[in-house]
């Protein structure tokens with residue numbers, strides 16, 4: 001009994017004085033926070049997704065919807081997440097206690113972050129595999145004749161390309177076709193010819209199967225690469241921002257150096273001008289298509305890293321008076337322009353490849369995502385002088401870009417775990433290790449022959465449209481539930497002014513919610529079954545119907561916490577209101593108790609429960625007691641009362657223990 005009482009004073013959840021409240025570690029320097037934000041926002045999507053979308057959706061004209069949506073949706077939500085995290089010093093798991101019923105918005109962010117974290121590190125593992133394979137004089141994807149190549153393998157080029165006549169493709173060159181009796185040229189299908197770079201990616205690395213149903217078991221090379229990727233992530237974030245903040249110097253700066261080198265080098269290649277023209281020449285008719293605006297919106301969300309909770313987790317470690325607004329302007333500008341800049345390197349290289357192989361630029365401009373980064377670009381590098389050097393540079397850049405975003409994504413569930421279970425805050429290293437181990441094991445299906453189909457499914461349904469849904473509820477909760485005016489007063493406590501007030505009023509309260517609703521419903525209406533085009537030796541593949549059902553279940557899982565938490569919280573508030581009414585009825589004299597029909601302040605129980613559900617939790621506000629003033633003065637008063645109660649409880653327990661000791665000594 002005595003030991004149990006004494007243990008009360010050793011537990012982390014014992015009453016604490018306000019000055020002793022534990023807060024997250026702070027950044028060593030503001031520049032580390034800026035570099036970490038740049039690493040988070042400037043990721044793989046800037047290199048392989050933006051250039052493809054721009055070329056597909058109108059070239060230079062695509063910049064119109066892109067910049068508009070960046071200004072009207074992306075930047076306002078970026079501001080919101082940085083401000084909320086810094087003001088409350090909380091991550092997404094607890095920041096939304098500013099409206100008790102809407103804490104599910106934060107949980108939805110965590111789910112989006114976890115699902116994206118799982119498949120995003122798979123891409124990093126591919127880049128790591130290619131980087132290791134690049135340390136050779138002759139690149140492995142530059143020629144056929146390796147053990148993973150088959151008879152269909154060929155090296156694109158003037159001397160050994162296939163020959164086409166009257167829409168018929170032959171398995172030989174034009175010179176060989178003219179001497180057909182010697183070479184026995186026969187008609188073949190497109191899928192019967194596979195480039196060496198395609199077979200390196202699909203056969204050696206992925207071991208890709210012919211269908212989702214033929215899933216298989218984990219394979220050696222992708223499993224080892226995935227294990228290596230998770231080890232790197234774990235080592236870099238194990239000490240929080242004390243370690244990831246230092247790594248951010250590399251992950252934020254090196255990609256720009258590498259990108260600059262690649263732009264300069266690729267612009268000197270023959271055919272680069274044609275590729276750049278294809279990239280930047282506007283095709284105005286495509287701007288009016290709704291699909292262009294949908295593509296721009298998804299790129300803005302994914303590129304900036306909003307709705308994942310990582311921005312809030314990072315800004316929660318800022319000093320309370322830190323000027324996050326200035327930092328936001330720097331980071332958003334960098335992210336916005338990086339994609340445009342990367343497009344010059346990508347399309348200059350594509351123009352060179354098209355001219356080198358005497359193919360139309362359109363053929364290679366259709367590549368996006370993994371196809372661009374791991375097939376088209378390596379193919380182009382293999383035809384360049386000093387190919388080994390540029391291959392190392394390119395994949396090291398991809399690795400740095402991916403890791404910066406992956407650090408932030410992985411930090412979200414870890415930070416949330418430590419927030420929800422404060423007694424484990426001193427065991428962050430253990431939480432990081434367990435998270436990385438579990439994530440690696442959960443990610444093993446991606447290393448199976450059918451793993452690429454699972455990757456495509458997750459990238460389509462998880463952390464895609466659900467990000468827009470979460471973004472809508474973020475804005476709605478701040479602007480309409482918590483209140484725009486109150487939130488701007490919170491900003492004033494930090495910055496000394498209501499920074500960008502009119503811009504945020506127009507975007508948060510009107511434009512952003514409307515645009516996001518349009519994007520959400522249009523995407524739902526235009527949704528169709530996923531397909532993978534023919535290529536790489538594979539026929540066109542249409543995903544089975546059961547996979548579509550799984551995809552929508554994943555989507556619902558990403559947003560389910562929002563209505564679920566609201567409903568549970570509402571039921572609790574309704575019961576609490578009912579209990580309060582019961583207590584009042586016991587205290588009141590029944591003869592004097594009556595309802596005045598003219599008293600319009602009285603609310604029915606179900607409305608009162610809604611009001612309470614939309615109100616902040618009692619402990620909402622800045623974490624540090626030094627910032628408990630103004631509207632949050634009650635937190636300091638509550639802390640003083642809690643301290644008095646703590647001292648009284650301690651004194652009472654000590655007196656009881658002294659009593660027990662006295663009685664024991666007397667009896668002896």
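In case you wondered, yes, glycine gets a Cβ from its N, Cα and C as well.
Range with TrEMBL annotation transmembrane segment, chosen from 191-211, 275-295, 296-316, is 296-316. Matching 158-178, 368-388, 389-409 against TrEMBL, the residues noted as transmembrane segment span 389-409.
Check TrEMBL against the ranges 328-354, 571-597 and you find transmembrane segment recorded for 328-354. When the ranges 546-568, 615-637 are checked against TrEMBL, the one recorded as transmembrane segment is 546-568. Of the candidate ranges 430-455, 638-663, TrEMBL annotates residues 430-455 with the feature transmembrane segment. Most Cβ pairs under 8 A with the transmembrane segment (430-455) among the ranges 31-50, 105-133, 328-354 are made by 105-133. Annotation for residue 401 (Na(+) binding site): same-chain Cβ neighbours under 8 Å, separated by at least 6 residues, are 42, 43, 44, 46, 47, 251, 255. Cβ neighbour density within 10 Å is lowest for 144 among the recorded positions 42, 144, 153.
Cα to Cα, residue 144 (disulfide bond) and residue 303 (Na(+) binding site) are separated by 37 Å.
Non-local neighbourhood of residue 405 (Na(+) binding site): 39, 40, 41, 43, 44, 120, 305, each in the same chain, at least six residues away, with C-beta under 8 Å from its C-beta. Using the Cβ center of 42, 46, 303, 401, 405 for Na(+), the list of other same-chain residues with Cβ within 8 Å runs, in sequence order, 40, 41, 43, 44, 45, 47, 335, 338, 339, 404. Fewer than three CB pairs closer than 8 A are found between the transmembrane segment (31-50) and the transmembrane segment (546-568), and contact between the two stretches is not assigned (pairs 6 or more residues apart).
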